[in-house]
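Going by TrEMBL, these are the annotated features:
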| type | residues | note |
| --- | --- | --- |
| BINDING | ASP244, ASP255, GLU419 | Mn(2+) 2 binding site |
| BINDING | ASP255, HIS335, GLU380, GLU419 | Mn(2+) 1 binding site |
| DOMAIN | 8-155 | domain 'Xaa-Pro dipeptidase N-terminal' |
| DOMAIN | 166-426 | domain 'Peptidase M24' |
Amino acid sequence: MSSATLASLYPQHIDTLLARSAEALQRGGFDHLLIPSGTLHYQAFDDRDYPYAVNPQFKAWLPLTRAPGSWLLISPGQRPKLLFLQPHDYWHVVPDAPSGYWVEHFDILTIRTADEALMHLPQDLASCAIVGEPHSALGDCTPNNPAAVVHYLEYHRAFKTAYEIEMMRQANRIGVRAHRAAERAFRAGASEFGIHLAYCQAAGQDANDLPYGNIVALNEHGAVLHYTDRDRVPPKPVRSFLIDAGASFGGYASDITRTYSAAEDEFAAMIRAVDAAQLELCDRVRAGTDYAHIHLQAHLLLAGVLREFGVLNVSPEDALASGVSSAFFPHGIGHGIGLQVHDVAGFAESDSGGRIAKPDGHPYLRLTRTLAPGMVVTIEPGIYFIDMLLDEVKAKGLGDAVDWSRVDAFKPFGGIRIEDDVVCTEDVPINLTREAFAA
Ligand code: GLY
Ligand code: MN
Ligand code: MN
C-alpha cells in the first residue's frame, strides 16, 4: 500500500476523531482531552523495563507506537497538539522526529524531558479529561478517565474509519506473508521454535512488535488454547500444525489462525470441513446481525462437522442444548479487533454505558454487540480434543453423545482453528485475511 493511500484517507480519520472527542467532552462536561502516550514500566526490584505498550487512546490518533512520555492535547475547534518527547539520551534510541502523512494535521512541539510537558498542558486541570494509565501521572496531571468520555470513545472506536481499515489490511498482508513462511517451515520439518523464528523473520516483527504472543503448536499442543511454549525439537512423527499469529501495522493488529495436517488424511478432511464452516460464518458478518447469534450458529455448524466425522452421535441442536458442543468448541467465535487484538467495548450496550449479557452457558464470548458497518471482527471457529473437557462430558453423564473411539483417533492431532479478520459493511463483508491469502 502506498503512503499516498493513507495520506488520502487520514484527513477523514482525524475529522472523525475530532468530532467524537468534541461529543465525548461535551458529555463529560470537559473542555480538553489529554492523552499521554504512556511510560515505561519497570520489573519489581529491578532496573529492567518491560516492552513499552503505547496507550491505545494515543495511537488511535497517529501511528506513533514508540514515543513514551509524549502527550496529545485535543481542544475542540483547534488543531490537535502533540507534545513529542525526544529526550537527549545516549543510552537508548531516541524516537525519530515525526514525519509522514500525519504530521501536517498536528501542531507539534518537541520536548526534551517528560516534565516539560507540564508547561504546555492546560493549567485548569479540572477542565481536562485525562485518558491514560495511572503511571502516566505528571505532577498534578493525573489521568481521571471520566466514564462518560471513555464510554463514548471506546464504543465508537468499534466503527473503523476507511483509514483504519487500510491499516488493518496492511497488518493482514504482513501476517499472511509470515503465515506462508511458517507453513513452509512446518513442511520442512522445523520445530515449534524454528517455525516461530521463520514467522518473525518473514513478518519483520518480534515480541516487541507482534500484537500478541504467537501460538505455534504441533500435534497435541494444538489442543492447548493459549499454547505459548515453543519446543526446540520437533515431535516424531509430526502430524499437525496450528498457528495463531498476527502482525502489527502502525499500531493496528491482525489476528490470524491456520491449521495444517502433515498428510492427506482424515484430519486434513476435517480441517477442510471447518474451513467451509468458517467461510459460512464469515458471510454472516452483516449489518444488523447479533454477533452472539453467529457464535451459536458456529456451535451448530461445528457440531455438524463432528457428527459428519463420527465423533458425535447426536444432532447439532442436541449437542448445543446439552453443552456437549462446548467441550469441543470451548471459546467464543471471536471478538472486535483494531488498535487492540481484543478490542474494547465488546459488550457495550450504548455509547453512554450498559452491558449486553453473554448467552447463558457461553462465558468466553468477547463480543455481544449487533454488527454495523465499519466494525471489524474475527471469526475463529475451532474443534479441539481436550481431555479435561471431555472428562467433564463423561462426568455429567453425557458420554453417550460421543463416539470415544473417534475421539481417540483425532486426539493426536490436537485441534483445529481457522481465524480471519472480517469487516462489516453496508453490503457483503470484506475478509481482510482471505484477501491477503488470495493476493
Ligand atoms: N490470538 C488470540 C485470539 O485469537 O483471540
Ligand atoms: Mn482472535
Ligand atoms: Mn488468534
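Each position is counted from 1, following the chain as shown.
For all residues, glycine too, the Cβ spot is worked out from N, Cα and C.
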Pairwise CA distance, ASP255 (Mn(2+) 2 binding site) versus HIS335 (Mn(2+) 1 binding site), rounded so that it is a whole Å: 10
Three-state composition of the domain 'Xaa-Pro dipeptidase N-terminal' (8-155), taking helix and strand from DSSP: 50 helix, 26 strand, 72 coil
Neighbourhood of ligand 3 - binding-site residues from ASP244, ASP255, HIS335, GLU419 with Cβ under 6 Å: ASP244, ASP255, GLU419
Under 8 Å by Cβ from GLU380 (Mn(2+) 1 binding site), counting only residues of that chain that are 6 or more apart: ASP255, THR257, GLN278, HIS331, ILE333, GLY334, ARG417, ILE418, GLU419, ASP420
Assigned element (helix, strand, coil) containing HIS335 (Mn(2+) 1 binding site), judged by DSSP: coil
8 Å Cβ shell about ASP255, HIS335, GLU380, GLU419 centroid, Mn(2+) 1 site members excluded: ASP244, ILE256, THR257, GLY334, ILE337, VAL341, THR378, ILE379, ASP420, ASP421
Check: same-chain CB within 8 A of Mn(2+) 2 site center, minus ASP244, ASP255, GLU419: ILE215, ALA245, GLY246, ILE256, THR257, THR378, GLU380, ARG417
Intrachain C-beta neighbours of ASP244 (Mn(2+) 2 binding site), sequence separation six or more, cut-off 8 angstroms: ASN214, ILE215, ASP255, ILE256, THR257, ARG417, GLU419
Under 8 Å by Cβ from HIS335 (Mn(2+) 1 binding site), counting only residues of that chain that are 6 or more apart: HIS342, ASP343, GLY346, ARG366, LEU367, VAL377, THR378
